[in-house]
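Working notes, structure below.
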Amino acid sequence: MSLFNSANKVIGGVLKFNPSKYQVRYLNLHEYQSKSLMDKYGVNTQKWRVVTKASDAIKAASELNGELVVKAQVHAGGRGKGSFIETGFKGGVHLCKTGKEAERLCDEMLGKHLVTKQTTKEGTKVQSVMLAESVDPKRELYFAIVMDRKYGGPVMIASPQGGVDIESVAEETPDLIFKEPIDIVKGIRPEQTKNLAEKLGFTGEKAKIAQQQMENLYQLFIKSDATQVEINPFAETTDGQVICMDAKINFDDNASFRQKEIFEMRDTAEEDPREVEAGKFGLNYIGLDGNIGCMVNGAGLAMATMDIIKLKGGIPANFLDVGGSASEQAVTEAFKILTKDPRVKCLLVNIFGGIMKCDIIASGIVNASKQVGLKIPLVVRLEGTNVNIGKEILEKSGLNITSASDLDDAAIKAVNCLKK
């Protein structure tokens, strides 16, 4: 699991997020896609092949040497300990020695839904499997480069405790987490990579190799507009090589206009279709597991809304930020997305009108309710610019809309709707 996913799991101390399924304005790649990118920048990886049909596994295996590792390709961690819904087959990562074994393993995985600690209970459908040459690591280390607001730019993070849950290392032995902030203008300095290589236990020629790998990973990070390049394990092998065995690379969506080749690798089948649809209309949507649908303007207000719903005994079904200048069409599309979720039994709209005027939102709510044929309770709290006009529009709409005086009142009314 990534050291940097934890912030996506808790909001206000009460809501747990699923990092594999929730939109965080980053593009995620499959492991084989990340390896392809690393190969381009001179980063040492195992030789690998990817297959989408089990019948191709024997040929792919023949192009590789020695023992093979067969890995299901999904955007989720914990694959090795996962299981497949359809057959109960255990593990999305296996070792094998022959092409025939690889074919059997691919047949067990392809087209099946893999459930891990980072997926929903429905799992994620495996549509590709990577075969790679197995590496015998002498030491498994950890290395990452991430954008960190605390440092105002990229920072290298390393630990001699790799190949395991790095979050546990950070919690239990924080003294084994080493950081080196990078000046975004001057770039990475040799003394920084030398310092980290030494702290990771590299000496002599191996230290120079490790330093070069860190430099190559930084070039990948900076030239491809990555927000995170995480290598776990960053391994020293028994034959003296330094290999990046597993990688997680994220990219800022804002860089899509100049990283077209990378963004063409996006696998929307791995994403919540509601999130994909919301993105088309500039809506920031994250699906959760509750039954109170939320539509709010502003990320902070949206999180506060979810927290208060939870505190009042309800469970939010989503995070949905319509932004500061959403159109009536965007509001309508937001309603369509929310009402497509069969778990949603009540909608709560919480708008603080600044740039976005309350009368515009009110008109959008009325039109959206009519278009989708809304049949579930709707609670609306409006405040700010043109609030009185907005409330009047709602009152004259003839729709079954419950107005709330403030956020606390709105949360209570939404929760009470579910008790009727």
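A Cβ is built for glycine as well, from the same backbone N, Cα and C atoms used for every other residue.
So that you can see what the record holds, here are the features copied from Swiss-Prot:
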type	residues	note
BINDING	GLN46, GLY78, ARG79, GLY80, VAL135	GTP binding site
BINDING	ASN232, ASP246	Mg(2+) binding site
BINDING	ASN297, GLY354, ILE355, MET356	substrate binding site
DOMAIN	35-263	domain 'ATP-grasp'
SITE	GLU67	site 'Important for substrate specificity'
SITE	ASP136	site 'Important for substrate specificity'
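Where Swiss-Prot records a feature, it is marked here on the structure.
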residue	record	Cβ within 10 Å
GLU67	site 'Important for substrate specificity'	13
GLY78	GTP binding site	17
ARG79	GTP binding site	22
GLY80	GTP binding site	14
VAL135	GTP binding site	19
ASP136	site 'Important for substrate specificity'	10
ASN232	Mg(2+) binding site	26
ASN297	substrate binding site	24
GLY354	substrate binding site	14
MET356	substrate binding site	22
Fewest other Cβ within 10 angstroms of its own Cβ, chosen from the binding-site residues GLN46, ASP246, ILE355: ILE355
Arithmetic mean of per-residue pLDDT over the domain 'ATP-grasp' (35-263): 94
Among GLN46, GLY78, ARG79, GLY80, VAL135, the record's GTP binders - longest CA distance, Å: 20
ARG79 (GTP binding site) and ASN232 (Mg(2+) binding site), Cα-Cα, nearest whole angstrom: 14
Rounded inter-Cα distance in Å - ASP246 (Mg(2+) binding site), ASP136 (site 'Important for substrate specificity'): 14
Secondary-structure category, per DSSP, in which GLY354 (substrate binding site) falls: coil
Pairwise Cα distance for VAL135 (GTP binding site)/GLU67 (site 'Important for substrate specificity') [Å, integer]: 8
